[in-house]
Structure formats: C-alpha cells, structure tokens
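What follows is one structure encoded as structure tokens, with my remarks underneath.
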Amino acid sequence: MTRYIFITGGVVSSLGKGLASAALGALLQARGYKVRLRKLDPYLNVDPGTMSPYQHGEVFVTDDGAETDLDLGHYERFTGVSATKADNITTGQIYKTIIEKERRGDYLGATVQVIPHVTNEIKDFILSPAMDETGAKPVDFVLVEIGGTVGDIEGLPFFEAIRQLRQDLPRNQSCYVHLTLLPFIKTAGEMKTKPTQHSVKELRSIGIQPDILLCRCEQEIPVEEKRKIAQFCNVRPSAVIQAMDSSSIYAVPIDYHQEGLDAEVLDVFGMHDAPKPDLSRWEAIDQTVNHPDGEVTIAVVGKYTVLKDAYKSLIEALHHGGLANKVKVNLDWVESETFEGDEGAAAARLENAHAIMVPGGFGERGAEGKIRAAQFARERKVPYFGICFGMQMAVIETLRNVAGIKDASSSEFGPTERPVVGIMTEWIKGNETVQRRANDDLGGTMRLGAYDAVLTPGSKVAQIYGGTAISERHRHRYEVNIGYAHRMEESGLKLTGRSPDGVLPEIVEREDHPWFIGVQYHPELKSRPFAPHPLFASFIAAAKEQGRLV
C-alpha cells in the first residue's frame, strides 16, 4: 500500500520545501522504505524551459527529457531515485490537457470547471502509478511538494485537490506536513509565532489541518513556544518540529531525525514498529564536510552569477567532487562580461584560482569573456572544465588562437562565415549549408534527456569514466560543427567523445594540458553526494594538485 505525504509551505517562499521533502524522503529510505518524490508547480508555463534563469533558477533535466523544477535535483541527490516526466506537473500542463480534451469532446458537452475537472487532473497525477526504479513494485511512500505558499491564488486548485485526497484515500494513508517560518526579531529579542499561526489559519480555512509543522528558525524554539504553537495550530507538541538553519544541506537529514520528523510522520500513519534508520552514510558525509583535508578555489565564469540557483546542480556537483577528495570547495563567482574589453582582466581575476569552470548558458552576452577564460586556462595550464556552452567557447578559442581561424564563431551569435558552432539543423558540408529537418536522424533543434556517447579508448575521459560507453543528460540547441574536427585535432584539441553514429561531438580534451576537458552534456545532473560524478571528482583532484604546484 502506497502512502502519501503532502508538503506545503507558508509565510514566505524559498523556505526550502524541496530540501525538506528530499531530506524526509532520505530518512524514510534510511528505514528501508521505497520512496518517490513529486512536485506540483502552480505557474501557468507548460514547463520552465523558456523561463529566465533569473526568475526560475536552474532547469533540471531528467533522463526521459523533461524540463523540470530544480527541486527535482534535490530529490535525486538525496534519494538517488531518478525522476521522470511523471514526477513534475504545472498548471500550464494541466490546462493544456483539459483544453485538448474539451476540444475533442471528451467532456460530452459538460461545463468545464476548476472543480471537478482541474482538481481531478491534479489528483490523477498524484495517484498515477509510482513504481520503484526497477519498475516492478510500487513504492511505500509518495512525497508530494506543492510549490508556492498557502494563500497564493495560483495554488488554490492544488490545495483543494490534496484536501479531497484525504477523503478519497483510506484512513491513515495520507499526511500533511506544513513548512513555516518562525522569525526572530533581534531588536525585541524574541521569536514570533504569529506568522505561523496565520499560515495555519489560512490552510485550515481551505479545509486542510496539518498533521506536522516543520518550523524554520535561526535559534532553538523554547519549549513554551512549541506548546503555544501546538495549541493555536491544533497539533500535538511533538508535531512541532524545529528546523534550524544548517551549515550544510547534507546535515539536514541528521538534524531532522534528531528532532523526530521521521518518527512523527510514521506515527501519523500508525507505523509504530518501523525499522530504525541507518544514517551512517549521512554521518560520513557530515564528518567529511566538517573536517576536510584541505581547500581548493574554483573560479566559476558564468552569465547568471547574480542568482546562484541558476547553477544549483553544478554547485552541488562541485561539492560532491570535494567530498570525493576530502577537500572543501570554495567557489569564486565571476561574471563573464567583466572580461570583455580588457585583455588583462581575466588574468588578474583568475590568477589565484586552482581550476576554472565555465558552465552552460544561452546567447551572445558574456561569450567573449568565457572565451578569454578558456584561453587563460589553456595558456597557463590551469585545469579547465567547460560544460555545454563552456565546451563550445573552448573550441572557438582554440580555432581562433591556435588554428588561426580568427573569425571562428557560433551561429547563435548571428550570421557568420565560420560557424564553428551551429544549431543542430545547420551544418556546413563543403561550401553548402545543409538543412536538417525534424524527421531526420538528428531530430529537432533541442536535444533533451539522456543520450549515449562513445569515448576514444586511451583518452583521459575514458580513463576517468573507466570505460568507453556512457550515457549523459543533454539540454542544448547548438553543437560543435563536426566539419572542423580536423582543424581542432591539428590544434591539440582532441575530439574524444561522439554520439554512437559519430556525427555529434560530445567531448573534447587537450593532450598537452594537465586537465582540459569540455563536454556538450550536463554531467552535474547525475552527480550524487554518495556517488560523485567521475568528471567532477577528477576535476577537483586536478584542482587539488594545482594547489600544490602554486
């Protein structure tokens, strides 16, 4: 029997519902249960694929090609369970489905309304089969996070749907966890419970009585305040769980267990004989985080550095590499535009970095700065890791400054006679521009999800991966033009990874450099704290070695 846990939020956004959901999922896993996490996003966009990184943050891509909320990255990293298209839905998708059904006549002339049609679609999504990763057995728990905060007009159909589900499901098969905020007013020297009381009041006004309150706070909650919250919010004192700020997100499962969150959830379900949790791997990570053997500094040369959430999986993957090497990873965020117009700016800013990371991005803005970062890394022999756009800029840099093709560019930046990088429907064959269409082998213009690649035997990447066959997640419209492969190789930039048909360049590396690798895919999306991605583990190892040399 699958049980359902609904995680809602109140008072303010960005309290960490996704992280709380992931941590609770990890605690249930530690007790031997199978879990799956799902996210309901109330925005009207069909998916976040076209949303600005400054508004939405990272777009997390699943193996089956879904563009989803960054919280699914937390789910995967904490539980190790790969998410799918069936684990994220938006209001836009729901309305799109309903309108298509109405146009087909599926509703037989009925008036289409929020209740029951929208709420039924939401309930159908939540109750859709949730299988373990083998696909053979249903999971024990489905954790469902509702985006936004209680009181948001966009979220009302979702709250109504989960209200109905408590009545639809058998007794003791659902649990409401409400994440809220207990602000500490420094001038008054006291913690305020009123925002939490009002948040729960709003939740109860729409028919939902939370079973557990997870209270974000900067300081410990006094016992009398817990009793006060319990009394006014109609929960047991033991169900008021303290969620203090933590120095590391990977300490959160341990903290929540010590506060009794998982035990309280199991009590709601009447599961009093649940196995004790094995938190040894979380404790090992916490030990490494708090007692590293050293530090490395990675310069991250990006376009969206104002909002760090735009690089959420990348940040975590770099820290996973640090865990693998038992070092603390310090990130120096560099806006790539600062390198444009000043040739010495890159050298001055990157001088103290042990390694350089150039992540993905879209558009011409900041591209020249990323090219200069790649040039600095190549010339100074500093470890360089280029992902997606970062690989493409490394290729352009080599062809401009080593091969002598001074006008090498990308068709993403506008018309060019030297499209070293082109959209996947544009390729140069001889003197002709070849147009590929959606029904050709390469498909459309956006490559999403997991694709296989073949590595060159004996290459650095083959050694790092420990084999020549890999599968990685992609999200891009532009590719390095295979027609320039020979010039790249002549310039020392070896093409050591391709699609199985040999057409699409996937990986480049320099043989005359201690660690210079560019990849077209996004390896950060598959990194886990317990299984750091091999490229990130190797990259941080190279940075650690660089630190010994300088």
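Glycine too: its Cβ is placed from the backbone N, Cα and C atoms.
Taking the region 'Amidoligase domain' (1-271) as a whole, pLDDT averages 95 in the prediction. Look at Swiss-Prot and you will find 1-271 tagged as region 'Amidoligase domain'.
Swiss-Prot lists Ser13, Lys192, Thr193, Lys194, Pro195, Thr196, Gln197, Lys228 with the feature UTP binding site, giving sequence analysis as the kind of evidence. Taking a C-beta cut-off of under 8 angstroms and a sequence separation of 6 or more, Thr196 (UTP binding site) has the following same-chain neighbours: Gly10, Val11, Thr180, Leu181, Leu182, Leu213, Cys215, Ile229, Cys233.
Look at Swiss-Prot and you will find Ser13, Asp152, Ile153, Glu154, Lys192, Thr193, Lys194, Pro195, Thr196, Gln197, Lys228 tagged as CTP binding site. Secondary structure at Pro195 (UTP binding site), as computed by DSSP, is helix. Pro195 (UTP binding site) counts 15 other C-beta atoms within 10 Å of its own C-beta, drawing on all protein chains shown.
The ATP binding site feature in Swiss-Prot is assigned to Ser14, Leu15, Gly16, Lys17, Gly18, Leu19, Asp71. Cβ-based neighbour count (10 Å, all protein chains) for Ser14 (ATP binding site) stands at 9.
Among the features that Swiss-Prot reports, L-glutamine binding site is placed at Tyr54, Gly361, Phe389, Gly390, Met391, Gln392, Glu412, Arg477, with the record citing sequence analysis. Sequence-distant contacts (6 or more apart, same chain, Cβ under 8 Å) of Phe389 (L-glutamine binding site) comprise Val358, Pro359, Gly360, Gly361, Phe362, Ala367, Lys370, His476.
Positions annotated as Mg(2+) binding site by Swiss-Prot: Asp71, Glu145. Here Glu145 (Mg(2+) binding site) comes close to Ile7, Lys17, Gly18, Ser21, Leu37, Arg38, Lys39, Leu40, Asp71: these same-chain residues lie at least six apart in sequence, with C-beta atoms under 8 angstroms from its C-beta. The DSSP secondary structure for Glu145 (Mg(2+) binding site) is strand.
Feature annotation from Swiss-Prot assigns domain 'Glutamine amidotransferase type-1' to 297-549; the stated evidence is sequence analysis.
The Cβ neighbour count for Cys388 (active site, nucleophile), using a 10 Å radius and every protein chain shown, is 21. Annotation comment: Swiss-Prot describes Cys388 as active site, nucleophile.
Here Swiss-Prot flags His522 (among others) as active site, drawing on sequence analysis. For His522 (active site), the same-chain residues lying six or more positions away in sequence with a CB closer than 8 A to its CB are Val61, Ser313, Gly360, Ile387, Cys388, Glu472, Arg473, His474, Arg475.
In the three-state DSSP assignment, the secondary structure recorded for Glu524 (active site) is helix. Spatially close to Glu524 (active site) yet at least six residues away along the chain are Ser313, Leu314, Glu316, Ala317, Ile387, His533, Phe536, judged by Cβ distances under 8 angstroms. The active site annotation in Swiss-Prot covers Glu524 (among others) and rests on sequence analysis.
Cα of Leu15 (ATP binding site) to Cα of Lys192 (UTP binding site): a distance of 16 Å. Of the listed binding-site residues Asp71, Glu412, the Cβ environment within 10 Å is emptiest of other Cβ atoms at Glu412. You'll find the Cα of Gln392 (L-glutamine binding site) roughly 33 Å from the Cα of Leu19 (ATP binding site). The Cα atom of Gln197 (UTP binding site) lies nearest to that of Gly16, taking the binding-site residues Gly16, Leu19, Gly390 as the candidates.
Nearest in space to Gly390 (L-glutamine binding site), taking C-alpha to C-alpha distance over the binding-site residues Leu19, Ile153, Thr193, Lys228, is Leu19. Across the residues annotated as binding ATP (Ser14, Leu15, Gly16, Lys17, Gly18, Leu19, Asp71), the two Cα atoms farthest apart lie 12 Å from each other.
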